[in-house]
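S.K.: Checked TrEMBL, it gives:
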| type | residues | note |
| --- | --- | --- |
| BINDING | Asp586, Lys757, His787, His789 | Mn(2+) binding site |
| BINDING | Arg658, Thr934 | substrate binding site |
| DOMAIN | 45-498 | domain 'Biotin carboxylation' |
| DOMAIN | 167-365 | domain 'ATP-grasp' |
| DOMAIN | 1141-1216 | domain 'Lipoyl-binding' |
| MOD_RES | Lys757 | N6-carboxylysine |
| MOD_RES | Lys1182 | N6-biotinyllysine |
Amino acid sequence: MKGPVLGMWQRGMGPELLRGGVVTSAMWRSRIGSSRAMAAGTKRKFKSLMCCNRGEIAIRVFRAATELGMRTVGVYAQEDRHSLHRYKCDESYQLADSITPVGAYLDIDNIIGIAKDKNVDAIHPGYGFLSENSNFAKACEENGIAFVGPQAKVLRLFGDKTEARKLAIDAKVSIVPGSPGPITNLEEAREFVEGKNGIGFPVIVKAAHGGGGRGMRVVFDPVEFSESVSRAQSEAEKAFGDGTVFIERFVHRPRHIEVQVLADGTGDVVHLYERDCSVQRRHQKVVEIAPASGLPDKVRETLWNDSVRLIKNSAYKNAGTVEFLIDQSGRHYFIEVNPRVQVEHTVTEEVTGIDVVQSQIRIAQGETLKEIGLEQDKIQLRGYAIQCRVTTENPANNFLPDYGRIDAFRPGEGMGIRLDSAAGFAGAVVTPHYDSLLIKVTAHALEFTKAAEKLRRALLEFRVRGVHTNIPFLKTVLNHPVFLQQQMATDFIDAHPELFVFPPQRDRANKILRFLAENVVNGHPMPGPDKTKEPSQLLPVVPIYDPNEDAPNGWKQVIDKEGPEGFAKAVRKFPYTLLGDTTWRDAHQSLLATRMRTVDMASIAPATSRAFSGLYAIECWGGATFDVCMRFLREDPWQRLHHLRNLVPNVPFQMLLRGANAVGYTSYPDNLVYEFCKHARQGGVDVFRVFDSLNYVDNLLIGMDAVHKADGVVQGEICYTGDVRGTPRKDKYGLDYYLNIADQLVNKGSTHVLGIKDMAGLLKPESARELIGALRKEFPNTPIHVHTHDTGGVGVASMLACAEAGADIVHGAIDSMSGTTSQPPLGSIMESLRQRENWPSKPVKTGKHAIHLPESEKFFELHDYWDTMRGHYAPFEQGARSTSVDVFEHEMPGGQYTNLMFQSQSLGLAKQWKEVKKAYADANRILGNIVKVTPSSKVVGDLAQFMVTNKLSGDDIVERADSLDLPRSVVEFLQGQLGFPYGGFPEPLRGKVLRRAQLEPLKTRPGENLPPLDFKALKERLVEKFESAQKHGLQISDTDVVSAALYPSVFDDFKHFQQVYSEEVTHLPTNVFVHPMEVGQEFFFSIEEGKRLYVKLLSVSDQLDANGRRDVYFDLNGVPRLVKIADREAAKHMDTKPIERIDSLNPAHVGASMPGTVVDVRTSVGKRVEKGEPLVVLSAMKMETVIAAPRAGHVKRIIAEVGNLVANEDLLIELRLD
């Protein structure tokens, strides 16, 4: 026997029903009559009821039974031992272990045994699992237990969709053309579809037993047919324990409408109107609506009548759903009867006021519909209801299921909102073993659009952290005009790709907690801090100011209105010496290893703009701060600039530009320097201090021209070294040297301001008078700016001497951030100049502008703030503790002094610091007594450390240079990569070094022959590289492209950090950023305007879990949060192998795209694979996903093993790319 005949025989229909393989109306009506007679008069009051299901439907049943006065009994699998449904009943019992977690809920004997042992009167199967299993219903009957659902014979009929089609034909209900019976093999399937009389493509392959979209595949292309049949059978077997499938013609763009019915087994049937289930994905319903709108009344009534007639003809008892497709012409086709309660029964309950589940139970007790009070003419509709299924699926990753612990759960509630859930709470664990449904959200209102608005509002209130959800997608669906106009068909989601465009989920709070937990368990990743120095916990006092009162206008307004040239003229005409403040850049670079964070500058920025409105400029950007922002502080330097600019609208911002090296340490294509300056100017930089580390004018002119093109203020700088007054050793850099360079900067570079950059603090007062006096005489119309360090203790005297000699601007730092390797104290300079120049208390007019000179009282408030804040950076205080005149010997720049001390400690040379300083002077000697400022100072520093480490003198280096592997920076300098030093390169050292390195010396400017950078191509590569980061809201901007071009590896690492820990780490208070939190410590911070987070560290587990992780518990805004962090040090001593995660920047890493179980590994080590070739098959929540090779190559390593439970982004395979 074949086809439907065999199907009926196997399901116990009996040979008496067979007439040539056809079920006749008379035969079926005969069975119906006897069934109705059996059903009539059988009444029984249940005292206890079991639900042999899990999750939200089990809870729904328990609630209904409790309201009916029944004792409720639940069951659960081992994997569900922490599930909420076991606590929502009066009693719950663990099911026997099974081969699979799903199998536990399919174990009929075990469930019946528990029910009998616990004196259960009735069993409600819920939906899924055993709800449509006729053998289970029969077992209940045989054991004297009422089955809350249709009779076993009816389940056999409707459980086999091929038999249901037969009954529909007999009841004169139209059906979709399809296979006459179940498909037993692939050849039979092909013949039915592609044979002589085949129905042709497209077709839909459907599981014969079950629903919910599982075991279902639509096939348009014959090439995909075999794989689709196989996959459908596999999913059906896993979901329902039966891999039987059948095939139907695929109706294009239909609406999916279903009618809810109730029957009492006496022949009385009522409908509860219809539901629209057209919004589907992968044939699984996503949004359900009751009633369906936009249906012609005739079609609607036909659906009701057909449903009632079909159910009456089947001797049906209990609740069921008759499902139809309606094509574009309005024709309807029966597709199936679901003989159980549906997931979406909630919308029907909301619009009719009828409790479907309680009705099921009462019918199972033997009550008739009339006794329950259900008569068709009394069942009325009231308004509209819409239900969304919130699932743990990631819409940004092809809706792949996710699982794990829910760290935070905040639902949307309110009038007209109904929630049905079993895992909707913080701490719930979503497993990969079952359906991904998290919670059902149902909205009810009198109008459809109002119901949609309520539902959308509720979803907006939801906050779920720890697992991905489809909420972002649901919100776009509910807001789509096609949905709101009720014009969608089953292809609605596929036909509207814009539904998948939604704001990225940043998950900021969880990522920040992960960063804090990482610090607690493994320490701060930033190198350099002295762990013996505790950061201060004192909070600085921010000066009070009126935020509604604008800051006074300053020199920024002069630049904006008069332009760079007008600004320079106004500065030169100003009758008093102007001050520049370096606290936000060079001061902390020199004292605190450049570790000052934006949040601490931003806190004092508004007060600074008011107290220092008359400053020439605030130096806040460029130089070493650019890469340190990304490298160590994990901040975007461009965002720092924008943020500070918004807070200080009135004072010019000044940056340090390394000429043709921009803010890097090497040579770059010229167009990159121009692009950098353009964006820096647009971002808020006004004054560019352009210098070259060797005073190499060709490099300087490139940077100056780039600033001119960007319409910035060009401040051409000459780096000061030696002593202008001359000594036998240092007469290389005499007065003529500086005048010559100044002439080129003024006449060739058209500098707006001429600057002297004394990076080591070598400019003594008398030398200052001589140098500045000569420059003022030579260039009477050009403003002069002087910058120095106070390492030798002469900074204040020198700046006053410069002012006396004609300098227009001098630099200093807030007193609490000044001295030693930093700049001289600004307060001391200010008060001295105030007395000497008799500063007025009123604003000083300069053209159309009024400038307020700094006031002492307001200055003191800034001083106090930085005095406290500096203590937060105590672990980074590594510089000189006092001034030292030995700087005039070693000539080490102030900024380098701190950083070189850091490096020396890291290299184990802390106790040899004096030797390092001496070696620095010796290294400078053999390199030709060069100008020393980043990056040339790094060359000298690297060589000095090399000399001390290897116990070599300068003469040793020169003698043995052809046999030594010198630091790379030294080799590149001698090749000419930094430019050409005054007086030329030292010989024979240069020749020996280059011969050993097999390098030819450069003969032209280093960047001159570099090809222009293709910014568009670089951006495309970055977008591709950081595709996953963009899903978290981290977009690739034009300034990102510039950063990546300047510091490729630093930028990559920085973006990876942001992806893992979020951008909002920048908002953390410094004391918890640089130092691990202590248990019990609490703090707060804002991640944006009006959003403040309160964080408290509750505990850290002493024990490691099996994967070497510690549990770190926080309290976030009053809600407990758990973060699991691998203890890297402790894990080294564990026997278990730590979990490997993909490196998102490594294209050779193939990771899990969803959580699940590895069910197949389709490759082997050494095998060549092509792009797109299947490598691993994962299964989760009854869905299989194939992980394919992202690129072509060979399999280097296989981490995945069949049976492994993997998380999203766990490493599965490592390739060796072509």
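Cβ atoms are placed via backbone N, Cα and C, with glycine included.
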S.K.: If I restrict to non-local contacts, at least six residues apart, and a C-beta distance under 8 angstroms, what lies near Arg658 (substrate binding site) in its own chain?
M.R.: Gly623, Gly664, Phe691, Asp692, Ser693, Gly703, Thr934, Pro935
S.K.: Just counting, how many other CB atoms are there within 10 A of the CB of Lys757 (Mn(2+) binding site)?
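M.R.: A 10 Å sphere around the Cβ of Lys757 (Mn(2+) binding site) contains 26 other Cβ atoms.
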S.K.: Taking the mean position of the Cβ atoms of Asp586, Lys757, His787, His789 as the Mn(2+) site, which residues outside that list, in the same chain, have a Cβ no more than 8 Å away, listed in sequence order?
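M.R.: Sorted by sequence, the hits are Thr582, Asp758, Met759, Thr788, His811, Gln823, Gly894.
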S.K.: Need one number: mean pLDDT over the domain 'Lipoyl-binding' (1141-1216).
M.R.: 85
S.K.: Just give the helix, strand and coil counts over the domain 'Lipoyl-binding' (1141-1216), going by DSSP.
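M.R.: Looking at the domain 'Lipoyl-binding' (1141-1216) with DSSP, the answer is 0 helix, 40 strand, 36 coil.
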S.K.: Would you count the other CB atoms within 10 A of the CB of His789 (Mn(2+) binding site), including those on all shown protein chains?
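M.R.: So the number of other Cβ atoms within 10 Å of His789 (Mn(2+) binding site) is 32.
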S.K.: So how many other Cβ atoms are close to Thr934 (substrate binding site), meaning within 10 Å of its Cβ?
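M.R.: Neighbour count, Cβ to Cβ under the 10 Å cut-off: 24.
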S.K.: Suppose we draw a 10 Å sphere around the Cβ of Asp586 (Mn(2+) binding site). How many other Cβ atoms does it contain, all chains included?
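M.R.: Result for Asp586 (Mn(2+) binding site): 29 other Cβ atoms within 10 Å.
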